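Written out below as structure tokens is the structure these notes cover.
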Amino acid sequence: RAKPCRCPAQPDVEEVVRDSAGRMVTWTGSGFARVRDGAGLTFRVDNVPYPMDYELLLRYEPESAEDWEAVVSVSSRVLPTSSRCGNLLPSEQMYRENLPHSQRYVLLSRPFCFEPSTPYEVTMRVQRAGVTQRHPGAFILIDSLVLLPRVSELPGFHGAEAAARQEELERYQCLEVFHMAPPHPLAQACARLVCSVSALMHGGALPCQCDPQGSRSSECQVQGGQCECKPHVIGRRCDHCAPGSYGFGPLGCSPCTCSPAGSVSQLCDEVSGQCRCQPGAVGRQCD
């Protein structure tokens, strides 16, 4: 989840939801963080399953035909203790990455060693490239930060047999399909290889843990673990309302139906359903 570094009176970072009706969904999760030129984001990483080097991939969507750049740093307030990452001190050295407007993701130039049970912060300041003056009306949409495992470090990916696995991963571009959302249907070879990568990282298969209120059943998809959600419910476990809905419960969630004329946005309070009203407008739907 992206969280703003600072919150002045006029927000530098706001959550936005895109209407996907009739268009291909090109993002993950519930929406975007809309970040002002020169503002910062902090990604908190605390769910790493296996100590190893991870490539960092940033998914984004510019709002104009301008190139952007990100100044990135990875840090931790806790010293790493695993044999893999323990000899690498957390670095707060910043490095710059280009975000071309013609792309929707960029693989950052440096991998980083992450380990379980250690909280990390990936901080970045995003700004328009090649200019010194910040523009208060310029924004970029940040979707997500993805940690991609360097599979060559995993057990079973060493030696002659591993070379054949690695060759298959590269031949079918199994890992590249996850760079962009949504991932393409995996070839049979990829499904087998990617599942084995996941099992190696997590020490076996993972339980579905489908939410009993938000899910239609306790079973989930074999690949990815997505549960089958009730109306307007999202999340891998179907455990919270989709943006633009409220009232998580046994029947799912209800649409906010905020008045387009009277409300500030189509988002409402997740519990009460109260929309954010324009000055002078009242009512749950600001209507």
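Yeah, the Cβs are placed from backbone N, Cα and C, and that goes for glycine too.
Quick look at what TrEMBL lists:
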- Cys208-Cys220: disulfide bond (DISULFID)
- Cys210-Cys227: disulfide bond (DISULFID)
- Cys229-Cys238: disulfide bond (DISULFID)
- Cys256-Cys268: disulfide bond (DISULFID)
- Cys258-Cys275: disulfide bond (DISULFID)
- Cys277-Cys286: disulfide bond (DISULFID)
- 1-202: domain 'Laminin IV type B' (DOMAIN)
- 208-255: domain 'Laminin EGF-like' (DOMAIN)
- 256-287: domain 'Laminin EGF-like' (DOMAIN)
**Study point:** Same-chain residue ranges lying at least 6 outside the domain 'Laminin EGF-like' (256-287) that approach it to Cβ under 8 Å
**Key:** 15, 17, 240-241, 243-248
Check your understanding: Which of the disulfide-bonded residues listed here (Cys208, Cys210, Cys227, Cys229, Cys286) have a Cα atom within 10 Å of the Cα of Cys258 (disulfide bond)?
Key -> Cys286
Study note, to complete from the structure: Lowest 10 Å Cβ neighbour count of the disulfide-bonded residues Cys208, Cys238, Cys275 is held by Cys208
Check your understanding: Mean pLDDT over the domain 'Laminin IV type B' (1-202): what is the value?
Key -> 81
Practice item. Over the span of the domain 'Laminin EGF-like' (208-255), count residues by DSSP class, listing helix, strand and coil in order. Key: 0 helix, 22 strand, 26 coil
Point to revise | All-chain count of other Cβ atoms within 10 Å of Cys286 (disulfide bond) | key: 21
**Study point:** Fewest other C-beta atoms within 10 angstroms, as judged across Cys258, Cys268, Cys277, which are the disulfide-bonded residues
**Key:** Cys277
Point to revise | From Cys208, Cys210, Cys229, Cys238, the disulfide-bonded residues whose CA lies within 10 Å of that of Cys286 (disulfide bond) | key: none
Study note, to complete from the structure: Closest by Cα to Cys227 (disulfide bond), out of the disulfide-bonded residues Cys208, Cys220, Cys277, is Cys220
Practice item. Quick one: of Cys210, Cys256, Cys268, Cys275, Cys277, which disulfide-bonded residues lie within 10 angstroms of Cys220 (disulfide bond), measuring between C-alpha atoms? Sequence order, please. Key: Cys210
Review point. Around Cys229 (disulfide bond), how many other C-beta atoms are within 10 angstroms of its C-beta?
Key: 22
Review point. By a simple count, how many Cβ atoms lie within 10 Å of the Cβ of Cys220 (disulfide bond), its own Cβ left out?
Key: 20
